[in-house]
Amino acid sequence: MSDEDLPQVISTSYGEDEQSVPEKYARSVCNLYAQLGSRGVSVLFSSGDSGVGAACLTNDGKNTTHFPPQFPAACPWVTSVGATTGNGPEKAVYFSSGGFSDLWDRPAYQDSAVSTYLQNLGTKQAGLFNAKGRAFPDVAAQGQNYAIYEKGALTRVDGTSCASPAFAGIVALLNDARINAGQPSMGFLNPWLYGDGLAGLNDIIYGGSTGCDGKSRFGGSANGGPVVPYASWNATAGWDPVTGLGTPNFATLKKIALGN
């Protein structure tokens, strides 16, 4: 497909535990997302709806208690989107997945933000995650109480599957502004988000995620996984594994994206 025919933004609400897919496959797919980014396509994925994790047990035969990262959300070439709720103040949602990849090292564009978070975290949750891994999510958006029609009936839905397309809509508007100004589309977003774009994100410091409660999702049936007391990531100043760098302030992001 020619560059002119490619979509400028892709949002996908698919995800599963990183360990559930073959490593060769995961790396190949992640590299394909990198190719899209280099061709001007912004690829966004929902971070997941299991908080710090659901089963929280490795499948390598060792049955190690572990916070399972999500794929493709932990691929360093995609922009991973977590979820928030409310506006007075805006808070992280308990189900918003995040953490640290076991396949990919932390990319350079994350070093400063994530190193600061880990330093402040100290020994909390030590041994339950790969502190050197690619951290996710990168950003967040509202993820609760989306009104939709299903089979003719009005209902409400929650999830990072709502947050990712919402953030993608913001990116589409940024692309529109840039193209009208004679500039190229945004493409791979992450270095910009962790750099100049950071000033256009609202830092979320309230709320947090939970998980690893021995149940499938929240309040579901027992899944045989270990119960990890107080398993959580908290929203905090700067980057965190629940809301990433924060939620979009479109007016500011637009000015930065246009170089104003």
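We count from 1, first residue shown onward.
Positions of Cβ are set from backbone N, Cα and C atoms, glycine also.
As given in TrEMBL:
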- D203, I204, G238, D240: Ca(2+) binding site (BINDING)
- 1-260: domain 'Peptidase S53' (DOMAIN)
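Considering only the binding-site residues D203, D240, the Cβ with the fewest other Cβ atoms within 10 Å is that of D203. Shown in sequence order, A113, T116, Y117, D203, L245 are the residues of the chain, 6+ apart in sequence, with a C-beta less than 8 angstroms from the C-beta of G238 (Ca(2+) binding site).
Those residues of the chain, other than D203, I204, G238, D240, with a C-beta within 8 angstroms of the mean position of the Ca(2+) site C-beta atoms are I205, A235, T236, A237, W239, T243, G244, L245, G246. Other Cβ atoms within 10 Å of the Cβ of I204 (Ca(2+) binding site) number 25 in total over all chains.
If you take every residue in the domain 'Peptidase S53' (1-260) and average the pLDDT, you get 95.
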